[in-house]
């Protein structure tokens, strides 16, 4: 809720571009519907995550409805650097949304990669990769209207079957002043097919702004391999971090300390039970037997979960 974050002052915000110029690969938590909210961002930041995204927010709803703003966007002093990801198809609405979050975040990201049918039907997400002029117009508007030069404007895309079209889209966005581009190395039609890291490498070689690689990165070793394969300046992880929020700190599976941290953070933030429980189900996927999962996954209250963790793991 905006009310929770008024104490955050502009001068405390970190510039995400400094991360890309640090000489280190930037470790990024992806925008995940329902999951990459404040409590989870707080957890992954404890375990070497450099930059976090909010879940995708529909800009038009966010601008129109105070209720949407309160439910979709919560942050605090420690939640930086932070990128707010928007689904948008009109330049002025994206600008209006950017104005609202500008005092509390370090940048916005335009979603040009979501392949879900509802998003594409509404003109959002991955259908924008076929509208480079519209993307350019939206980036330009935000650049012209937000008078904080340290506020980043990035885009997240999928690739075309014909990679020349993707390179053209990226170069047009770069010319308009986009800060960096995240590339999910699959086309709109591809879901579980192998990621085209070779395509990300070609895009990286065609650009002078930072490129972030995304897709099927489950471990720190995967992240290092993808960096070497593509030359990407940053690595964005989604499901790999859900399964192991301590991944970027080098842990091969979720340590008990991380589970304890999640319990503490989630309770402190008043995380709804379903979200609290789902995160634990993901985190414990690799460390529980089939039999344990059968019991744990059907627990139906916070107190039942806490008792289970205490009795079985001493958490």
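Even glycines carry a Cβ here, placed using N, Cα and C.
The domain 'DUS-like FMN-binding' feature in TrEMBL is assigned to 29-292. Here TrEMBL flags 31, 32, 33, 85, 184, 238, 239 as FMN binding site. The active site, proton donor feature in TrEMBL is assigned to 114.
Counting neighbouring Cβ atoms within 10 Å of each of the recorded positions (32, 33, 114, 238), the lowest count belongs to 33. Across 31, 32, 33, 85, 184, 238, 239, which the record gives as binding FMN, the greatest C-alpha separation is 17 Å. Here the Cβ of residue 31 (FMN binding site) has 25 other Cβ atoms within 10 Å, regardless of which shown protein chain they belong to. Here the Cβ of residue 85 (FMN binding site) has 25 other Cβ atoms within 10 Å, regardless of which shown protein chain they belong to.
With a cut-off of 8 Å between CB atoms and residues at least 6 apart in sequence, the same chain places 218 near residue 239 (FMN binding site), listed in sequence order. For residue 184 (FMN binding site), the same-chain residues lying six or more positions away in sequence with a CB closer than 8 A to its CB are 113, 156, 157, 158, 159, 195, 214, 215.
Calculated from their C-alpha atoms, the gap between residue 33 (FMN binding site) and residue 114 (active site, proton donor) amounts to 11 Å.
Computed over the domain 'DUS-like FMN-binding' (29-292), the whole-number mean pLDDT of the model equals 97.
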